[in-house]
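Annotated domain 'Lactate/malate dehydrogenase N-terminal' per TrEMBL: 69-216, in sequence order. The feature NAD(+) binding site is assigned by TrEMBL to 75, 76, 77, 78, 79, 80, 81, 106, 169, 193, 194, 195. What TrEMBL lists as substrate binding site is 156, 162, 195, 226. Sequence annotations record features per position, and here TrEMBL assigns domain 'Lactate/malate dehydrogenase C-terminal' to 220-388. Among the features that TrEMBL reports, active site, proton acceptor is placed at 251.
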Ligand SMILES: NC(=O)c1ccc[n+]([C@@H]2O[C@H](COP(=O)([O-])OP(=O)(O)OC[C@H]3O[C@@H](n4cnc5c(N)ncnc54)[C@H](O)[C@@H]3O)[C@@H](O)[C@H]2O)c1
């Protein structure tokens, strides 16, 4: 992959601006050289010979297997951030032998707390952690990052409607999109966690036009995992034996958790969840509402929104995206709609996807019955309304 002269100049600006605390950790070759060397290597090896982690690193633009990957976490002084950064530093996100450099961004009122998180990361002496940038400057935070996990935003509090927080988040995501566009590493992968997650991701996409739309996603993996958890509890089976649930649409109470195609591994082979549960009323009623309203239930119980499960799911999302989904398994990701399943194009909508070599693909050809169709359309409609509201906040 060759870069244009403009691209090379932007890349040089980014390299020159890489945060200085990491002078000891240098990505010693220019990015173009990385690509050329890897290309020659690949010509010599067959696809199968290139192990998937090395390939994933290549796709992230990191030169060699053990070069550190720079991971940005915005809102890092918040409660999801506090749960997430140690997971990343322990290898939960990118693998147990992948060094990382954490870039943590928060706003000035949270600077002291952010410094506290930085101190704890130093104190934890994580072997994989090769550096920490803790800053309130978006440019410094975004410079050279390979992965950006956007957790920072104005969170919904108990009793608050998501629309109340739209305009604050639109302006945050517009400005952070510009910082990523100008300073992140080429092919940076972005995961938006902060609510309204789908629409924040859409705003980020609009204001970072040079980042490929395929690189901008939002988190619905927590909802996906919640669906697996509910089926596991209901059937009294291990959650790791349940797979292929789907979250369609918005990360909101209109999302449609769908287990029409989900299966459970049993001693006598894989069986459909529907057959094992054998209670369509529950699947079409209580199961759906429990998953849809799980976030509110956690807030009611903890007086705080979900943090450890959100952080863990963010790691699952990036890990599967970068390293691939297991054969025969799909996961849910909020991605830019191409019109699949008659979902309007141009929304960030949660679909079932498989991932391979750093690319997600929407699972095609699943049957959608009348009940599901209505649910898919209802959540799409909400997203179209959110999109219109977000755009009205821009003017
Ligand atoms: N998609 C999901 O599945 C999911 C699940 C749970 C929570 N969430 C959302 O994640 C977000 C974070 O949740 P939390 O519990 O960690 O909230 P929190 O309030 O504890 O933390 C948010 C952090 O973001 C920071 N912040 C605010 N504006 C910022 C900006 N412009 N740049 C950088 N940082 C900024 C705040 O200072 C704070 O430290 C919320 O929007 C929440 O609704 C999403």
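Glycine residues also receive a Cβ, built from the backbone N, Cα and C atoms like all the rest.
Where TrEMBL records a feature, it is marked here on the structure.
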residue: 75; record: NAD(+) binding site; DSSP (3 states): coil
residue: 81; record: NAD(+) binding site; DSSP (3 states): helix
residue: 169; record: NAD(+) binding site; DSSP (3 states): helix
residue: 194; record: NAD(+) binding site; DSSP (3 states): coil
residue: 226; record: substrate binding site; DSSP (3 states): helix
residue: 251; record: active site, proton acceptor; DSSP (3 states): coil
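Proximity of the binding-site residues 169, 195, 226 to ligand 1, judged by a Cβ distance under 6 angstroms to any of its atoms, singles out 195 in sequence order.
Counted within 10 Å of its Cβ, the other Cβ atoms near residue 169 (NAD(+) binding site) come to 25, all protein chains included. Listed in sequence order, the recorded positions near residue 169 (NAD(+) binding site) (C-alpha within 10 Å of its C-alpha) are 195, out of 195, 226, 251. Applying an 8 A CB threshold to same-chain residues 6+ apart, the list for residue 79 (NAD(+) binding site) reads 304, 305, 307. Across the domain 'Lactate/malate dehydrogenase N-terminal' (69-216), DSSP helix (H, G, I), strand (E, B) and coil residues number 68 helix, 28 strand, 52 coil. Packing around residue 251 (active site, proton acceptor) is summarised by its Cβ count: 30 other Cβ atoms lie within 10 angstroms of its Cβ, all protein chains included.
Between residue 81 (NAD(+) binding site) and residue 195 (substrate binding site), the C-alpha separation comes to 14 Å. Every protein chain shown contributes to the tally, and the Cβ of residue 195 (substrate binding site) ends up with 22 other Cβ atoms within 10 Å. Other C-beta atoms found within 10 angstroms of the C-beta of residue 226 (substrate binding site) number 22, with every protein chain shown included. Here the candidates are the recorded positions 195, 226, 251, and by Cα distance the one nearest residue 75 (NAD(+) binding site) turns out to be 195.
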